[in-house]
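For reference, Swiss-Prot has these:
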- Gln63, Tyr64, Arg65, Glu66, Lys67, Asn94, Thr133, Lys162: 4-amino-2-methyl-5-(diphosphooxymethyl)pyrimidine binding site (BINDING)
- Asp95, Asp114: Mg(2+) binding site (BINDING)
Amino acid sequence: MEKKNCNPKETSSQKASDKNHLTLKNSLLKDIDFYLVTDSGLSKKGTLSDVKESVEAGCKIVQYREKCKSTGEMIDEAAEIKKICSGRAIFLINDRIDVALVVDADGVHIGQDDMPIETARKILGANKIIGLTVHNADEAIEAEKSGADYVGLGSIFDTFTKKDAGKGIGPASIREVRNAIKISVVAIGGINKENCRSVIENGADSLVAISAVVCSDDVKKETREFIDIIREIKGTGSSK
């Protein structure tokens, strides 16, 4: 029978290591301004082009969300996105933990009805980033307790990008969630340059604006403008 390791020093060392990883991830996620989520159905130039332009503009996190391609096609495209993001942006994959494992992505983003965070963490390990979609403070608190590194809160405003998003919960809900948890809050849903100020002013660490960016003829320009608005509100300077 295999003996259990009961060495208290080793246990303390592991706990310290896990805490350091958590602190590092929290720091990285708090520094993010604009969060790109891909959408091949809305994109004018294609997913790879969108990622390249957005990262070049200063985007520091990319979530690859693809619902229409085969697993093989997703793996190939994800591998290319990873190359673009390497050393410049955090690379996450929506839902598909299997694809994330194959390409060694930085983590995943999952929904309320997907695999439990605890299970995803066992599969991915302590060093990977796991984000969870939430709709209110109660879900956000539970996400933090379960080990999520950040929450994606929405839909903040009414949106046509995701048909099952429901009615917008309003920017005031961000403040409620921000006050309830310590991990990073990413706002998503119906956000554009006209309403994004209220999103950041209410406490979001970063935001997602899908159609406002990927439907554009100039993804780089749109990304940079979002980053500049966010940094102006946060007081952290320009992307230029």
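Cβ from N, Cα, C; glycine included.
On the structure: features taken from Swiss-Prot.
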residue : record                                                         : contacts (Cβ under 8 Å, 6+ apart)
Gln63   : 4-amino-2-methyl-5-(diphosphooxymethyl)pyrimidine binding site : Tyr35, Leu36, Val37, Thr38, Leu92, Ile93, Asn94, His109, Gly131, Val208
Tyr64   : 4-amino-2-methyl-5-(diphosphooxymethyl)pyrimidine binding site : Thr38, Thr47, Val51, Met74, Glu77, Ala78, Ile81, Phe91, Leu92, Ile93, Asn94, Ala105
Arg65   : 4-amino-2-methyl-5-(diphosphooxymethyl)pyrimidine binding site : Val37, Thr38, Asp39, Asn94, Asp95, His109
Glu66   : 4-amino-2-methyl-5-(diphosphooxymethyl)pyrimidine binding site : Thr38, Ser40, Thr47, Met74, Glu77, Asn94
Lys67   : 4-amino-2-methyl-5-(diphosphooxymethyl)pyrimidine binding site : Gly41
Asp114  : Mg(2+) binding site                                            : Asp95
Thr133  : 4-amino-2-methyl-5-(diphosphooxymethyl)pyrimidine binding site : His109, Ile110, Gly111, Gln112, Val151, Gly152, Gly154
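For the binding-site residues Asn94, Asp95, the largest tally of other C-beta atoms within 10 A is found at Asn94.
DSSP gives Thr133 (4-amino-2-methyl-5-(diphosphooxymethyl)pyrimidine binding site) a strand state.
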